[in-house]
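Colleague: According to TrEMBL, the protein has these features:
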- Thr10, Gly11, Ser12, Ile13, Gly36, Lys37, Asn38, Asn120, Glu122, Gly201: NADPH binding site (BINDING)
- Lys121, Ser147, Glu148, Ser172, His195, Ser208, Asn213, Lys214, Glu217: 1-deoxy-D-xylulose 5-phosphate binding site (BINDING)
- Asp146, Glu148, Glu217: Mn(2+) binding site (BINDING)
- 4-128: domain '1-deoxy-D-xylulose 5-phosphate reductoisomerase N-terminal' (DOMAIN)
- 142-225: domain '1-deoxy-D-xylulose 5-phosphate reductoisomerase C-terminal' (DOMAIN)
- 257-375: domain 'DXP reductoisomerase C-terminal' (DOMAIN)
Amino acid sequence: MKHISLMGATGSIGTQTLDIIKEHPSEFKLVAMSVGKNLELTRKIIRDLKPELVSVSEKSAANDLKAEFPHISFTYGEEGLTEVAVYHRADILVNAVSGSIGLTPTLNAIREKKTIAIANKETLVTAGHLVMEEAKRNQVSLLPVDSEHSAIFQALQGEKEKNIERLILTASGGSFRDRTREELESVTIEDALNHPNWSMGAKITIDSATMMNKGLEVIEAHWLFSMAYDRIDVLLHKESIIHSMIEFHDSSIIAQLGTPDMRVPIQYALTYPDRLKLPSAKRLNLAEIGKLHFSMMDLDRFRCLKFAYEAGKAGGTMPTVLNAANEAAVAAFLDGKASFLQIEDLIERALSNHNNISNPGLLEIQEVDLETRKYVNSVL
Ligand code: NDP
Ligand code: MG
């Protein structure tokens, strides 16, 4: 029986993680969870799965819930996230919170020797060097949940990282795959939230439309698999059936395939190195699909991907700026305060405005993150 603490339980990855836990009650037990503001769903999860510790965003919500569920411990705010991440009865932390707010709890959980199943890519983008150093020092495994990285991780089993020629991340192209840049000028929030293959949280759905999601994933892959940026390629693949591939030195390519269903990579991170049946998952029928399509990625069409490669290669605090500017710009778009194409302009301005700091520590990263968000909001 694995004891799980889950950050972001009310989100898209969070609720799918709970589905896996419910589907295998003799394998997994939810012991701690964090949520944000969705208290209705929080109450339902508490009744269903009876975690021992729950963290919410606001203190008042923690007090209200304590009155309703006196046998459960409640906490709140950013410190609450860390309390959940390091909960003493948990073996594994599933980090499915959205944004760089996941960084400090992750570092603390690593220091407490928790295995980390990481969906929260912003944590690796903003401070990949710190997370990887800490994981190495504490001999803690970081198991990818993001489907591309899970695919690479699965293709790597029984292989050695030193035999890799390059990684090939596949990209669906997001909601606006077939639109020209001119057509992007007038797109609405509703258009952007309508992803063709995956149903996900709002922030990552916008990231997929701008292609920043793939940019964040390139940086995530750089850290998870110690791979130089010029050996990470992105290929457009509109069906999202091949989740990513590794090309080895001898030209052999190993790919991982499946229907687009995040529960599969989530479950693999929870059961690794074993596999469990997942009866509710739809099996892939290639004969029914017939054809798969691939095309080159255009970095002028998808400027955010170019920014991510540049920020990743520059290193230091540039990826922190990339991530924080993107979080602030996407939040502004979702608030109706910025247009879709303004997202990339805001990121470009934040990057060119920043004086890079090499090998930053946690405090510098937190400062740069905050400064960048302020800068983006002041430009707006
Ligand atoms: P959602 O927006 O659906 O969920 C985010 C979760 O985090 C919710 O539980 C939310 O709480 C909580 N949360 C958000 N902000 C805060 C905060 N400030 N303090 C505490 N809790 C907070 O996101 P997703 O599930 O889509 O994505 C989660 C992460 O996984 C992201 O990093 C994303 O990039 C990554 N990912 C997601 C994939 C997907 O298919 N969705 C695929 C691959 C990676 P509440 O709703 O209660 O306010
Ligand atoms: Mg992904």
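A Cβ is built for glycine as well, from the same backbone N, Cα and C atoms used for every other residue.
Note that TrEMBL annotation is computational and uncurated.
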Colleague: DSSP on Thr10 (NADPH binding site), three-state: which is it?
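Modeller: Coil, per DSSP.
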Colleague: Out of Thr10, Ser12, which of the binding-site residues has the smallest number of neighbouring Cβ atoms within 10 Å?
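Modeller: Each of the binding-site residues Thr10, Ser12 was scored by Cβ atoms within 10 Å; lowest is Ser12.
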Colleague: Once near-sequence residues are set aside, which residues in the chain of Gly36 (NADPH binding site), 6 or more away, have Cβ atoms under 8 Å from its Cβ?
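Modeller: For Gly36 (NADPH binding site), the qualifying residues are Gly8, Thr10, Val56, Ser57.
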Colleague: How many other Cβ atoms are found within 10 Å of the Cβ atom of Glu217 (1-deoxy-D-xylulose 5-phosphate binding site), counting all protein chains shown?
Modeller: 28
Colleague: Relative to the Cα of Glu217 (1-deoxy-D-xylulose 5-phosphate binding site), which of the binding-site residues Ser12, Asn38, Asp146 has the closest Cα?
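Modeller: Nearest candidate: Asp146.
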Colleague: Three-state secondary structure of His195 (1-deoxy-D-xylulose 5-phosphate binding site) from DSSP?
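Modeller: Coil, per DSSP.
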Colleague: Give me the long-range Cβ neighbours of His195 (1-deoxy-D-xylulose 5-phosphate binding site): same chain, 6+ apart, Cβ under 8 Å, in sequence order.
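Modeller: Correct list: Ser172, Gly174, Ser175, Thr205, Ser208, Ala209.
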Colleague: Using the alpha carbons only, what distance in Å do you get between Asn213 (1-deoxy-D-xylulose 5-phosphate binding site) and Asn38 (NADPH binding site) once rounded?
Modeller: 24
